[in-house]
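Input: a single structure, listed below in structure tokens.
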Amino acid sequence: MTLYSPEFSESEQSKIDAEFSRLTENKSVYLDHAGTTLYAESQVKAAAEQLQRNVICNPHTCRLTGDFVDQVRYKVLEFFNTTSEDYHVIFTANATASLSLVAENFDFGSFGNFHFCQENHTSVLGMRERVSHAKGIYMLTEREITGCSLQNGSSKEKPTDPGRSLVTFSAQCNFSGYKIPLDAIGNIQENGLHTPGKHIWGTEGKTSNNDYYICLDAASFVATNPLDLKRYRPDFVCLSFYKIFGYPTGVGALLVSKRGAEAFRDRKFFGGGTINYAYPHTMEYQLRESFHQRYEDGTLPFLAIVGLLEGFRTLERIVPKTKELATMERISRHVHGLAKYLEDQLKQLKHPNGEPLIQLYNKAGYQDRTRQGGIVAFNVRTDSGDYVGFGEIACVAALHGILLRTGCFCNIGACQYYLGLDGDAMDAIYKRAGRICGDYFDLIDGQPTGAVRVSFGYMTTIHDVEELLKMLRSSYLATKPQQRILFIEEQAGQLPPVLQKRVQNLRPKLLQMAIFPVKSCAAFKIEGYLKSWPLTDQGLKYDREWMIVDMNGMALTQKRCTELCLIRPLIKNDVLELHFGDSCVSVPLSLEDQAADSAKCVSKVCRQPVEGLDCGERVAEWLSTNLGQDGLRLLRQSGQRNSSKDQQKLSLVNQAQFLLVNRSSVRSLQFEEPLDDTVDRFRANIIIDTGLAFEELSFKQLSIGKVQFQVQGPCQRCDMICINQKTGERSPETLTTISRLQSGRMRFGIYITRISKDTGDLQLSCGDTVLVE
């Protein structure tokens with residue numbers, strides 16, 4: 001077990017706590033320092049006093065303002081242990097603007113390529129749209145940057161092509177906190193890349209004989225870690241100051257090495273302050289001599305830049321350096337210690353059955369501070385291994401006063417890597433399901449589309465970590481899902497508006513309906529353009545109203561004829577169409593039209609006699625031909641049939657009006673076939689997803705939309721579920737798996753019956769809320 005060892009002394013911690021007393025006053029636990037850290041009270045007070053003391057105006061007007069800006073420029077270089085001899089400082093709006101500036105101005109030459117790491121911020125992906133002048137664009141994995149770059153001492157081909165390649169990666173992943181070893185910077189600059197990565201755009205070709213330049217996205221890293229630019233010399237460094245100081249916002253920087261400056265091409269645009277002169281009557285102009293002035297278009301955000309001085313001073317005052325450690329080194333040790341402690345505690349959270357509560361996402365573990373920062377990403381799982389949506393976690397955390405981040409954190413590539421999403425899964429999430437960045441669409445078929453992230457700053461305390469652990473234990477180890485949902489719904493008014501919308505989706509929904517017009521044949525699914533379906537006093541309209549009988553009048557089922565599942569029904573234009581391969585036949589839906597010239601017959605369903613109308617010779621011949629059995633007939637139920645148990649009205653179903661299946665229970669079977677195919681095996685009318693496997697077995701009553709249902713009991717399964725409903729092939733593992741999971745009992749799904757006797761115009765609709773009573 002990891003014991004927490006504080007980095008700060010008691011007196012230092014007391015001073016820090018005093019700077020952030022608003023957290024205690026507001027009963028808030030702030031755990032999103034990777035989003036932004038918090039500003040100290042004395043910091044903003046000193047910044048305001050500075051504005052009150054001085055006349056700070058446009059730097060083109062006032063020399064004092066220019067001196068302040070130069071002071072900050074010097075302080076930035078000092079903060080990163082470098083000087084103006086080696087780096088230029090260009091002030092930008094933020095790290096994103098810095099990345100954009102590099103993409104727009106980097107000169108790739110004729111054969112240069114753009115390489116970026118998969119686990120990068122969205123802004124790096126945005127660079128691809130600005131580097132169309134590169135020959136090709138390649139995506140690198142972290143391993144291809146660190147493990148597969150050529151080893152030191154090996155020799156790269158001497159550049160022969162007029163090409164410069166740009167490699168962009170994050171010093172610290174803002175999703176997981178993983179740190180790419182910064183030795184990769186010099187290694188790639190000197191030796192190039194052993195493999196270019198996955199080619200995704202442009203011309204694919206040989207790249208090893210280019211000069212290589214490094215663009216380091218340092219926004220997440222420098223917030224809590226020292227970056228020594230004398231030791232590591234990336235060509236471009238992008239950052240946002242609010243990540244470090246919390247205040248001010250709206251100002252970032254691009255640090256450009258002297259080598260990097262030589263790789264910038266001539267600008268296609270200039271703004272105020274970037275030129276010595278520009279003639280209006282000709283195209284002649286002359287850029288400033290100073291490199292940074294050429295790229296700082298217009299008036300700088302000078303008030304924000306001046307405010308950075310107090311950011312540097314406050315940080316050094318609140319977290320003073322020691323004989324051995326500088327300020328940022330101490331902050332790095334502090335946040336890593338908290339993350340290491342939290343990770344260890346999360347690993348110990350177990351459900352009563354021993355299943356882990358937490359799924360962690362990291363690469364290197366938390367033992368080595370040079371490889372892992374103060375970020376912990378995770379998802380919560382149930383005792384059956386199902387995932388809890390991150391939207392629910394966000395709601396529960398907010399109601400406990402905990403501010404954290406959920407989703408993909410503007411890093412879809414890291415999401416893809418850590419969640420194991422291939423291209424098809426990405427399409428299912430973003431194209432077919434319609435998820436967008438920043439929403440709370442957290443689960444698709446039980447699989448997470450994002451994660452929960454907590455991240456630490458120098459003002460984070462061990463108490464904050466314990467509050468998070470307390471919330472997870474009380475909400476996910478000591479309560480049932482229905483209790484948790486009820487708690488959230490009762491307190492929903494206290495949530496921010498964006499989370500209030502998520503509360504509306506916490507309850508399970510009716511995902512899909514299916515009717516089986518012909519008993520034992522394929523389903524007609526209510527989905528897509530068909531969102532709703534009417535109810536009758538027997539169940540869903542047209543469900544199991546027809547059945548096929550043999551020459552002896554006995555009902556034909558898949559137990560005797562598996563090919564029945566290949567007969568596909570289609571209801572349209574007042575007829576029931578039956579399809580088998582390319583062959584089709586139809587019968588009228590209207591019972592009056594059917595009864596006009598039909599003979600009455602009697603058959604049996606579950607030992608009960610049922611009256612039916614013969615549907616005629618044409619459909620009989622069609623069935624016999626396609627199924628290869630003589631004497632088959634299609635009958636339609638005409639007489640009333642009641643349950644022997646409670647006199648409920650039934651169609652040709654075996655036992656109850658409706659059969660409900662929970663997709664979470666289906667997922668627990670873990671078959672290799674597509675989930676939808678496994679769901680189809682159970683031939684249910686109503687498909688929901690509660691997020692908890694076999695939770696439906698505890699239901700007594702439930703409502704779907706406005707319709708109330710009584711649970712009749714579990715469905716006892718036979719070997720018919722071993723039949724693949726798409727192919728008709730048998731596979732015994734379905735039944736054996738259920739038997740194993742249910743301790744020898746063959747139960748899967750539940751029978752339900754509508755409580756209200758009033759039919760009216762009742763209907764069920766996909767998307768209806770499922771409320772367990």
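For all residues, glycine too, the Cβ spot is worked out from N, Cα and C.
The N6-(pyridoxal phosphate)lysine annotation in Swiss-Prot covers Lys243, and the record cites sequence analysis as its basis. According to Swiss-Prot, the feature active site maps to Cys410. The feature domain 'MOSC' is assigned by Swiss-Prot to 632-773, with sequence analysis given as support. Feature annotation from Swiss-Prot assigns phosphoserine to Ser731; the stated evidence is similarity to another entry.
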Original post:
For the domain 'MOSC' (632-773), DSSP counts of helix, strand and coil?
Top reply: 30 helix, 48 strand, 64 coil
**OP:** Looking only at C-alpha atoms, tell me how far the residue listed as 'phosphoserine' is from the residue listed as 'active site', rounded to the nearest Å.
**Re:** 43
Original post:
Counting only residues 6+ apart in the same chain, whose Cβ is under 8 Å from the Cβ of Cys410 (active site)?
Top reply: His121, Thr122, Ser123, Asn174, Cys437
**OP:** Starting from the Cβ of the residue listed as 'phosphoserine', draw a 10 Å sphere and report how many other Cβ atoms land inside it.
**Re:** 15
Subject >> Reduced DSSP assignment, the residue listed as 'N6-(pyridoxal phosphate)lysine' >> reply: helix
Subject >> C-beta crowding around the residue listed as 'N6-(pyridoxal phosphate)lysine', within 10 angstroms >> reply: 25
